[in-house]
Amino acid sequence: MAPVDPHSYTDGAHPVTKHAALSFYLDFTVSTIHASALLTLSEPHSGDLLLDTRAVSVHSATTAADPPEPIPFSLAASPDPVLGSALTLTLPPDTTSFRLTFSTSPDASALQWLAPPQTASAQPFVFSQCQSIHARSVFPCHDTPAARITFSLLLNVPSQLSAVAAARHVGRRDPLPSDHCGACDEALWCAPGRVVEEFEMEQPVPPYLFAFAAGGIGSRDLGPRTRVYAEGGDKVLDEAAREFAGVEDMVKVGEDLFGPYEWERFDLLVLPPSFPYGGMENPRMVFLTPTVIKGDASGAQVVAHELAHSWTGNLITNKTNEDFWLNEGFTTYAERRIVEVVQGEERAALNMGIGWRGLNQMMERFKDNMEFTKLKPKMAGIDPDDVYSEVPYEKGFQFLWRIERQIGRPAFDEFIKKYIATFKFQSIDTETFLEFLKANVPGIENQIDLHLWVEGTGIPPDAMEPDSAIYKKICSLAAEFKSGKLPSEDEVADWNGQEWELYLENLPTDVEASQVTALDERYKLSESRDYEVKVAFLQLAIPAGCKCYFNEVEKCLKQVGRMKYLRPLYSSLAKCSGEEKMLAQRIFSEAQEFYHPIARGVAESILSKHS
Ligand code: BES
Ligand code: ZN
């Protein structure tokens, strides 16, 4: 056994899946997918083959021959808490393709099933979130980013719903008896009132980029290769179309900076508020939280980030989660380059400032576990969701910015373009990046301590705090708060959400309750429509002991399931004694049904850590 990835049972001595032909029957009444998967290996194989699964019931394994022969299989009896259960198949000699039939669990960690009362369209809704290691809860696979697959996907859904996927949409049609491939009974597959939405992904992607959603979804065209999808009808779609009007231009900016956009379309899906992330870079169709729609085009930063992944992450993919910074650090750098072009240098500098603050806060969070302040941490036995942080984003950004400062922007731009062209459609590790860097920037290892950056803990001394006028002004206003000074109306006149976010996050943590409420009385931050601002404010107010905001905290935790907000709010409440802790427990018990399983797990682990 030669594992290739600490988060997968994939055996490095075996071939991996290169294509999956998937037929999914979505049963909304029991929150279950009944499925068939025809998997094709990169080369013929005999004997044991290991696949990753989590909470999947496997019904049959057969050869692809006609008639099919059964293949012996066994599913590990007790799941590993991080990895799930290995599925071991014993393949007959020279097998390249085999078929599995299986059903997902209603608790599948990637899937959230929403009942009609929980949605804006009053229709059922389901969506997937597979990063980092949740694809295995949707279908048995080699769930490591080291392996890339192409796939075809048939989604059989009730005909009043439509389905989308991170793949090319082939069409919508009546189900055919030849489609079901054993996913469920033919009578069920072809029942009146069902349709099939067909998709094809011809570009090889890591399994964590597999994604789909189904529900009362409508759409609006934005540009020749961009469209926004959302549930909730015309009003939501109009707002979304306004917010994302500039997306086509952004794709062009990305192409100028990083080379051709290789995924044909760049569509956006706005999810229900329980979506656990700000955005997810599913290829051809980015998934977004509805909280990015604020009516002031500020969603652009999140879109720039997910778009940037089209090059860094989706074209070049981290080989394992230990190399996650290659995805997120590069993307944070690329995002800020796009933002600089479309929104200006000052906005980019503000984003860097917010990131710098976040990176410094992570040093505090991980002070007893400095491994996770490394760019390349050891992850064996660790659930990536438990240690998700700004470190790979912001330390990764800092590392690349440091290289840019060393060699100058024109040379660095050329380096990035060459890096992308060299490794596109490959999964690489940090060592491969470093070799490429040293080969293309001779002598760089004598100018930058690469080893310290990659293997060291903490923030290297040659990292740099951004140096822009607006950033410094906001930091100095925040420093004056301690001595009782609130920013004046004039000073904040042209602030939008990000300026407030930076200000609030730079305030000292041990402030008086009276000062916090004075700030709120003047600027109404606790009621901000911008969740970044609202949460930054509440995170200040909770430890200061301002009980008057319990109501806002509760509303926030019950309305939005984005983990960026759940984590700090539940943590601040749980760290307090008495009333706040009980409030956190009560809110969680009432809100957990509304959360995506990943978010529910994270909130649960925060509460149990502080219980
Ligand atoms: N790929 C991430 C989201 C992710 C990371 C999902 C790890 C699962 C595991 C995505 O690109 C991301 O970074 N989203 C950010 C956007 C922000 C940095 C603009 C988010 O959700 O906050
Ligand atoms: Zn990202």
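One is the number of the first residue shown, and numbering goes on along the chain from there.
Cβ coordinates are placed from backbone N, Cα and C, and glycine is handled just like the others.
Keep in mind that TrEMBL annotations are predicted by a computer and have not been checked by a curator.
From a predicted model like this one, the values you see are computed outputs, not experimental measurements.
In TrEMBL, the Zn(2+) site is described by His305, His309, and among Glu328, Glu340 the residue recorded at this site is Glu328. Rounded to a whole number, the distance between the Cα atoms of Glu328 (Zn(2+) binding site) and Tyr277 (peptide binding site) is 14 Å. Within the set of binding-site residues Gln129, Gly279, Met563, Gly279 have a CB atom less than 6 Å from some atom of ligand 1. Gln131 (peptide binding site) and Glu328 (Zn(2+) binding site) have their C-alpha atoms 13 Å apart, to the nearest angstrom. Checked against Tyr393 (active site, proton donor) by C-alpha proximity, the binding-site residues Glu281, His305, His309, Glu328 yield Glu328 as the nearest. Remark: Met563 (peptide binding site) has Pro276, Tyr277, Tyr388, Ile598, Ala599, Val602 as non-local neighbours, by Cβ distance under 8 Å and separation of at least 6 in sequence. For the binding-site residues His305, His309, Glu328, a Cα-Cα cutoff of 10 angstroms around Glu281 (peptide binding site) retains His305, His309.
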